[in-house]
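What follows is a short report on a single structure.
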Amino acid sequence: MSISSASVSPAYRDPLIAQIVERGVAEIFPGGAAALAERLAQADRPLRVKLGIDPTRPDLHLGHSVVLRKLRQFQDAGHVAILLIGDFTALVGDPTGQSEARPRLTPAEVEENARTYLEQAGKILDFETPGRLEVRRNSEWLAHLTLSELIELQAQMTVGQMLAKEDFAQRYQAGTPVYLHEFLYPLLQGYDSVALAADVELGGTDQRFNLLTGRDLQIWKGQAPQFCLTVPLLEGLDGYQKMSKSKNNYVGLTEDPLTMYSKLEKVPDHLVERYFELLTSVPLAELPQDPRQRQILLAKTLVAQFHSPAAAEEAQRTAQALVLDGILAETGSIPTFAIDGLSYPVKLSYILRECGLCKSAAEARRQIQGGAVRLDGQKVEDPDLEFAHASELAGRILQVGKKAFRRLVKGAD
């Protein structure tokens, strides 16, 4: 069943519009799916669709990709995606969902995180088609607000309204400090919509208060208020908590194909259809009936999206080859060995010694000649096998015997 139960008038059954307003949508306001569908159908210009991201972490996971995919759908329908880097608001810290104030980042940390965010967002958004994407930073306008302008902005909301925000209310009632600068965050995010003249703003369900603040400030400034579209928060691999790197229940967008595949083929049964709806374009009516086949299709589909179909096929073959004695070798629990510090070209026998799978290069050669060494489940037969670049090894599983493994990685994993 679709997450959104919204019904769209047959007059607006353009498949691109239907996908935008129906699939993977939690709420659209004001007016619901039909109102936004009508606005999209009757638009005489590309709409400006805003998504703000605060670069508080250096990497993205599948949970972040849900709203990025929704932004891409607007691009595919001919509208302008505005990817707003909250380099100024990141210095404040979004209090949403926080039981205490966020640690404040340095400008250098924010800029480095923004750089990696953009690299990873390029896996989903259209960065190539002219006129389909604007990348902006809210320091362009927020850093230049005068004190009088800031006071005028703060005068648009009361303390009572701020304390109605669930996160603030819970902390206030619990006696946990709520700092004045945190009250600024919803106002600054809302002011971004004014500065960008946004027609639509996207966000997770936890951003509802901030999105509505944007509408209020646009009305205050005499602009047409934006539509707000929220998407569900994706549960992590544990099956219940929001996907988060801190909870170790995530799938990173930059993970190698085998790691990504191995995690996704074990998504809990009750979440598989939800993952398909939020993370893919596969018609839900066409999903296999067999639960195991659904998991496999999900894993292959997402690896193909973020890597390639060939990488997905290879990851599936490798994962199957790593089934030993009926027990799947969990890639997340396999010790890692960093390969980017090696001098290339490098022999596999040297790697076997350095990573601790063999005590010496001579032992490594004997293990290879005895047929005990496998790379991604395939038996290695050449004791002099060597590799010219780290890219040939990254993400692969090195195995000696039945139970000794190393996952080869670039840098710290």
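Just so you know, the numbers here start at 1 and follow the chain as drawn.
Backbone N, Cα and C atoms are what each Cβ position is placed from, and that goes for glycine too.
Feature annotation (Swiss-Prot): of 137-141, 242-246, 377-381, the stretch labelled motif ''KMSKS' region' is 242-246. From the options 55-64, 95-104, 285-294, the stretch Swiss-Prot describes as motif ''HIGH' region' is 55-64. Note on LYS245 (ATP binding site): other Cβ atoms within 10 Å of its Cβ, all shown chains, come to 15.
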